[in-house]
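Taking it in order: structure first as structure tokens, then the write-up.
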Amino acid sequence: MIRLQASADRRQFIQSLLAAAAASAVITPERLLAGAAPADWTLGVADVEADIAPRALTPIAGRAPADFAGVLYRNGPAKFRRSGSSAGHWFDGDGLIRRFRIADGRASLAARFADTAKRRLETQLDRIVMPGFGTAAGEGANIGNNDDANAANTNVRLLGGELLALWEGGSATRLDPETLATEGIKTFRDDLRHMPFSAHPRIEADGSVWNFGGNGKVTGLWHLGADGRLIDFAVLPLPRASYFHDFTITARHIVIVLQPWLQTRFGFPISKTMAWQPELGTQVMVVAKDDLSRRRIYELPAFSAFHYGDGWEEADGTIRFAGCLEADPTFGQSSASALLQGEYIAPPRAMLKQIVLYPDGKAVLAATGAAGEFPVSDPRRAEQPHRLTAHVTGYDGKGPFPHAIATWDWQSGRSDSFDFGADQLVEEFQYAPGNSAREGDGWLIGSTLNLKVGASELHLFRAGDVAAGPVASWRADVALPIGFHGMFVGA
Ligand SMILES: [Fe+2]
């Protein structure tokens, strides 16, 4: 295992996030939050101007079981524009951490921005200047390390008892789980300060955590105990400098999908440093957890992707996991930039598929025919075969955001879905385990943005009967833009 001291690898990580000084500033009108109903999909990328103090949600339909209790934490970008300057990409807004709490049939909401160095500087300058995934550095950008550009906007997870806002180019950000106040960046070990800790950690059945960090020809590989303490960190060489946002694990292996969207140079915006080279196909690298030098490369036709599902391994060594696969990276390259200017560039739709890696070295993609993003499965089935993958779906082609939630049943090949209709934008839903251990007996909980009334909503479904519609729904008195990821923590 390679230790990362003041090595070339470390410099490479940091260089990859140094500023390329160039003018940014896409001029867009400042959007005001909430109330301007009915709205179109651009309410999903509107700015939130201040933290949202804790408030009760109004029950609007159904009733949650009396014993259903817990907290849904979610994160997503919510401030993109300042005084005529704008982030250049949806992925680059300031992270707003949302906390939905449900108990005794009642629900409440609070939301607070991560207090990052980026946000502090831009508040002071009253301009968007820090570079990011699709944003160039503006005048006044100040980058000494990865975390100066950290937007803390992609995921929020309770790991080892700590609530962490996650990004993919720098450290996790520690938050107070009750007040959501920022406590500082998370440093797992002094020599790993500012090292990327990605937004998609994978959790093993025993609660221990694997994560990667940073792309290029190497990636960092983190292994934490269930208590959140660092077990080990390694630098993993990669066969190519693919961009990857997510990965998966099985009981014995780390699985990294290397799409042919390749980094060709360092600098910002990161999306502009990458070239789509479909003729190279997609590779899947499978690495043994107990011996990182043991690896196998599988070959697949070219596809682009952001998200994968939990993986598992069968007795004969066959590996299976879900992926939301796109024909090319148009969404990340250009659509997600245009969104902030109120423009919709239709990308190839992400389709839910299963990636199957056979022990004889053959790899196949099993199609479902279902469009889908944000694949989520029952966390109790991590590293085990599972039947159901929840995902958002229901795209109408008129805007970027989905209108429906569904589960795909890999055994029956059937979709169980509920369409909220054109007036609702649907965000990632999370599994909330029920009282029984049987998969599908639990709940799906998630939020939507109701464009008709200009307000965010919270909905609870039976995971095994999505088509029946929400068991309970609540409405907020604020509209929060569409977020990315989060987790449910049962009470
Ligand atoms: Fe993600």
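Indices start at 1 and increase along the chain as displayed.
From the backbone N, Cα and C atoms, a Cβ is placed for every residue, glycine too.
Because TrEMBL annotations are produced automatically, they should be read as predictions rather than curated entries.
Under the heading Fe cation binding site, TrEMBL lists H200, H245, H307, H485.
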* Once H200, H245, H307, H485 are set aside, which residues in the chain still have Cβ within 8 Å of the Cβ centroid of the Fe cation site? -> T154, N155, A199, D246, F306, Y308, F484
* To do: Count the Cβ atoms, other than its own, that fall within 10 Å of the Cβ of H245 (Fe cation binding site), considering every protein chain shown.
  => 20
* Other than its own, how many Cβ atoms are within 10 Å of the Cβ belonging to H307 (Fe cation binding site)? -> 22
* Tally every other Cβ atom lying within 10 Å of the Cβ atom of H485 (Fe cation binding site). => 22
* In DSSP terms, helix, strand or coil for H200 (Fe cation binding site)? -> coil
